[in-house]
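Structure first, commentary second.
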Amino acid sequence: SMASPALLMRVVASAYSVAEKAATIVRNVMAAGDLGIVEKTGASDLQTKADRLVQMSICASLARKFPKVTIIGEEELPTDEVAEELIEDGHCEEILKKTCPAQYTGIKEEELVIWVDPLDGTKEYTEGLLDHVTVLIGIAYGGKAIAGVINQPYYNYEAGADAVLGRTIWGVLGIGAFGFQLTEAPAGKHIIITTRSHSSTLVNDCISALNPHSVIRVGGAGNKIIQLIEGKASAYVFASPGCKKWDTCAPEAILHAVGGKITDIHGNSFQYNKEVKHMNSAGVLATLRNYDYYASRIPNTVKQSLVP
């Protein structure tokens, strides 16, 4: 008889289906028209009904299947009974068929930490910039991001009424990443992708120092990493606090699975163990290729302003 799939592959396979359910919730809330917007710390830090329902759905669905895994979500929510229609019990068969990398076959539930951003790009969601929005489920072991799922609920939304809406990208270190076409940015072009709604003098000074050919300003960390792996941008640069562990965990796993690199502005890698502070206080620098080129050009003044 076949050995049952390793825990990691079962978690990723479930997270895939859970993310697809999340996307349906995101689209349904938007279609119903009442976003239920709440300001958390200010006008650019918002929470909607979709953030709340999706987090409940993801966390409850994964906790039911993997009760000893630590799950950390962005939103502070009451611990009420979660409605049964929010629970997703399915999994992606295709993921279960992949062989788990040897270094991860012995992982136990209590050794995994799952970082969840139920709706990355909430501000953009409320403004109708739907292609910026992602659902992020990142899986960490030993403090490292080792697997991730990114769902884009509105992928293809401008392609007409009969287009298939949404897609799910997933990856595991040592296996690769799937659900998109890996493409490198044009050689010799420095296309910087950065924040849309959290700009500052520091953010802009850092970008200027990199001498970019062009700068793309979009919402969502998940969205920015997708632009890197699809060759639309060559570096994601954010010289500011503001990004959190649930923003970077899933994208990091997918980027690393295809040979890219993400760190803070100082070049330190992110830690994802359950005790870690949630804020990535020293910013973000990420590339699919040529990381050293960008890292070597971050000004010292910028580094000194951002304390890890």
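Cβ coordinates come from backbone N, Cα and C, glycine included.
Residues near Leu119 (Mg(2+) binding site) in space but far in sequence (CB under 8 A, at least 6 apart, same chain), listed by position: Val26, Thr48, Ala50, Asp51, Val54, Tyr125, Val133, Thr134, Val135. Residues or ranges marked as Mg(2+) binding site by TrEMBL: Glu74, Asp117, Leu119, Asp120, Asp247.
Least crowded of the binding-site residues (Glu74, Asp117, Asp120, Asp247), judged by neighbouring Cβ atoms within 10 Å of its own Cβ: Glu74. Of the chain residues outside the Mg(2+) site list Glu74, Asp117, Leu119, Asp120, Asp247, Asp51, Val116, Pro118, Gly121, Thr122, Thr134, Val135, Leu136, Gly220, Ala221, Gly222, Lys244, Trp246 have their Cβ within 8 Å of the site's Cβ mean position.
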